[in-house]
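Participant: According to TrEMBL:
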type	residues	note
COMPBIAS	180-190	compositional bias 'Polar residues'
DOMAIN	28-90	domain 'RNA polymerase sigma-70 region 2'
DOMAIN	122-174	domain 'RNA polymerase sigma factor 70 region 4 type 2'
REGION	172-213	region 'Disordered'
Amino acid sequence: MNRRFRWPDERLIKAAQNGDVTSLTTVVMESQPHVRKFALTLCASPQDAEDAAQEALIILYRKIGTLRATGALASWMFRIVRNECLRQARLFVSRSDEAAAEPEAGAQPSAEDAVLRRLEAERIAAAVSGLPHDQRQVLIMRDVQGLPGHVVARSLGLSNSAMKSRLHRARAALRHSLAQTDQAPEQASGQAPGPTPDQTSDRAVGRPVGGGP
């Protein structure tokens, strides 16, 4: 394997942890292609991936001394990128959820309502983050960012019909995931079921119930 595609070796990482600036710079440079690959796999869009990769590399540069095992660099970077992509997904979903649930003029949401909305946004974001990359990507671009279908299709290199098919699978997978999390607390408490998964996922991504692609 070509040297430039390998993760930095432990000797180099150790030198960087000991304060050698040249070694630290080399560690960051050699980690960069792998970190970007992680980000492109986990994040919803190339721009999100670039932001997540940049954040991970900044953390690597500033906090390499906190890495306890020099052989664990790859898993550390993966966790940082994953968390950043999840944070971005939460931000998208939270914005959409807030826009869909704006109170009437003069109405002040209670602290309890605010907490419930935040918890719901986090639950939806976790479900979105758990989707396969291709499904997560099309779902966020179409239903969260609100991009037109033809723009999403062109951006992903798909025909309109292929984009719609992928979006349909993504919505179905999201509904299934939300249904699983809905059932657990209801079964434990014996409460009557709440909104259907279709209604929950539609509200979460700012799409009218039963709305098309």
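Note: Cβ is positioned from N, Cα and C throughout, glycine not excepted.
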Participant: Taking helix as H, G and I and strand as E and B in DSSP, count the residues of the domain 'RNA polymerase sigma-70 region 2' (28-90) in helix, strand and coil.
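Facilitator: Taking the domain 'RNA polymerase sigma-70 region 2' (28-90) as a whole: 57 helix, 0 strand, 6 coil.
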Participant: How does the domain 'RNA polymerase sigma factor 70 region 4 type 2' (122-174) divide up by DSSP, counting helix, then strand, then coil residues?
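Facilitator: Residue counts for the domain 'RNA polymerase sigma factor 70 region 4 type 2' (122-174) by secondary structure: 43 helix, 0 strand, 10 coil.
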